[in-house]
Amino acid sequence: MTDPLSIAPRDQAEILARALPYIRRFHGKTMVIKYGGNAMTDPALQADFAEDVVLLKLVGMNPVVVHGGGPQIETALNRLGKKGVFIQGMRVTDAETMEVVEWVLAGQVQQDIVGLINQAGGKAVGLTGRDGAMIRAQKLKMVDSKDSSIEHDIGQVGDIVSIDPSVVKALQDDAFIPVISPIGFGENNESYNINADVVASKLATVLQAQKLVLLTNTPGVLDKKGNLLTDLTAREIDALFADGTISGGMLPKIAGALDAAKAGVHAVHIIDGRVPHAMLLEILTDQAFGTMIRSH
């Protein structure tokens, strides 16, 4: 993080003045942030992220954090002698893996994020989809992306049936910052592991968020030559799916982002979480950053 004392006072004032139009525009608006990738594992980036979230809250916005935890889950599974298996970007989740996922996400990762935000001066509260009966889910039916006659059984991976945002809204009204682990529950009280990008996208839609911001380990969406695609429409995304440019873990991320854009979320951005204070650059400046997803 840049030491504010190293910046000349006039430059500090200029930075704050330039942010004012964005603070005014987004005051009272909800920002759903998917927190994942290197930003979750690098201590300096962790601190930057927490400070960014607290700043957004202090200037009158309503940040809601949905977090991943893939690397942490993988580490825990390796300690148990299990190897993670992925199909079309989704983790195959048997009963034992589901126990690990719940423990790592809700018991470790979520609490670390809550602690960092609170340490930075915010008031964060950790939730899973079980809290307040927020995220109801059912077993995901995964059809093969190349052969629709094939259906993959990936265990306790959930497809969202509904989201009740009342607990999130209640926390926002009391000046708390919700931090949500992507775990849902089924009709028989079984747990489901749900892709965090999908949860963030659906939650942004239900909350009628002003922005959905997805932090990644890349500058945004890249073409096959590695060039950044700064603006994508639904038609362009379909073409990138078809030719294999978008694959693996980016599949659910982009699909969820597009669904949110189609459902009326005002702005959907995929940005590089490896950049210090990436969120502030996206929300409080006019700097072109990452990839913007549009429905048309």
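Glycine is treated like the rest: Cβ placed from N, Cα and C.
The shown structure was predicted, so the numbers you read here are calculated from the model rather than taken from an experiment.
According to Swiss-Prot, the protein has these features:
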BINDING   GLY69, GLY70, ARG91, ASN193  substrate binding site
SITE      LYS34  site 'Transition state stabilizer'
SITE      LYS253  site 'Transition state stabilizer'
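If you compare every pair of Cα atoms in GLY69, GLY70, ARG91, ASN193, the residues listed for substrate, the longest distance is 12 angstrom.
The CA atom of GLY69 (substrate binding site) is located 11 Å away from the CA atom of LYS34 (site 'Transition state stabilizer'). Between the listed recorded positions, namely LYS34, GLY69, ARG91, ASN193, LYS253, the fewest other CB atoms within 10 angstroms of a CB are found at ARG91. Note: the substrate site is recorded as GLY69, GLY70, ARG91, ASN193; in the same chain, GLY68, ILE73, THR93, VAL101, LEU105, PRO182, ASN195, ALA196 also have Cβ atoms within 8 Å of that site's Cβ centroid. Taken residue by residue with DSSP, GLY69 (substrate binding site) is part of neither helix nor strand, so it is coil. Long-range C-beta contacts of GLY70 (substrate binding site), restricted to its own chain and to partners at least six residues apart, with a cutoff below 8 Å, comprise GLY36, ARG91. In this structure, the C-alpha atom of LYS253 (site 'Transition state stabilizer') lies 15 angstrom from that of ASN193 (substrate binding site).
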